[in-house]
Amino acid sequence: MGQFNQTEKGSFEIKVALAEMLKGGVIMDVTNSEQAKIAEDAGAVAVMALERIPSDIRVQGGIARMSNPELIQKIQETVSIPVMAKCRIGHFVEAQILESLQVDFIDESEVLTPADEENHIDKHIFKVPFVCGCRDLGEALRRIGEGAAMIRTKGEAGTGNVVEAVRHMRAINREIRHLMLMDSSELMAEAKRLGAPFHLVQMVAKSGVLPVPNFAAGGIATPADAALMMQLGAQSVFVGSGIFKSEDPAKRARAIVGATTFFQNPEKLAQFSMDLLDAMKGIDIRQLKREDLMAQRGW
């Protein structure tokens, strides 16, 4: 079972505080209890329980849904670190089920097939904290406005290609800098342009940061990828297919954890990158059809 007690969850501030506890770490996708144990032993701060990692979803196709509750429970029984699980965008009943299972975080994820193409879940009505993906500042603030306690880049999951995660993180950073240069009288118009709640736009313009932790996800496959995202401003990283689609998952998991911790130390990063077997082959994003892009799901 994960370490966060359900009775400790509830208010938005508490949800954000729980997300803050995961800063500086790695959250790993796992599909069974054996992988969950490998992740925990490697130093992961949390695991994401799912039946198919994103690269398999791409290959196998079909409708990707919430994981089987039995799988989630087996993983909860195996590890002591927090256990997250994904629900489909807009599928609040899947979220209700996951909350009843006492998962530690719910990821309303574009990796799964959206259940609602117009509406995301009202996350404020849940006690369990949510994490959501974004491509830019407007999308981040819309999800936070709905109650997301943690934001991550969408990247392009299941590709082993970090280019989209870099694009999304840079977009967020650039738009925050732009916001900070604005006069207060310009912020309402900017909120309209971003499609974001005005009070959150005001908050970011004043503080220069998102009001919730900002993590990186999507295409991270190597220790260098993890360090790159941390140097760009991510506060933690999610790694999906990059670990268990590699030829040496346990060693690569440890290396990515180390690189996330020592992301500003090139000598250590070189050490973490040595003696690894081949990373996942990966996909050139330019070769994907528009309908195969997961990051475009949601709004």
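Glycine is no exception: its Cβ is also placed from the backbone N, Cα and C atoms.
Since we're looking at a predicted model, the values are computed, not measured.
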According to Swiss-Prot, Asp29, Gly219, Gly240, Ser241 bind D-ribose 5-phosphate; identify which of Gly90, Gly147, Gly158 is listed for that same site.
Gly158
Close in space, distant in sequence - Lys86 (active site, schiff-base intermediate with D-ribose 5-phosphate), Cβ under 8 Å, 6 or more apart:
Met48, Leu50, Met66, Ser67, Ile106, Asp107, Glu108, Ser109, Val111, Leu112
Candidate binding-site residues Asp29, Gly219, Gly240, pick with smallest Cα gap to Arg170 (D-glyceraldehyde 3-phosphate binding site):
Gly219
Provide the three-state secondary structure of Gly240 (D-ribose 5-phosphate binding site) computed with DSSP.
coil
Would you identify the secondary structure of Arg170 (D-glyceraldehyde 3-phosphate binding site) according to DSSP, in three states?
helix
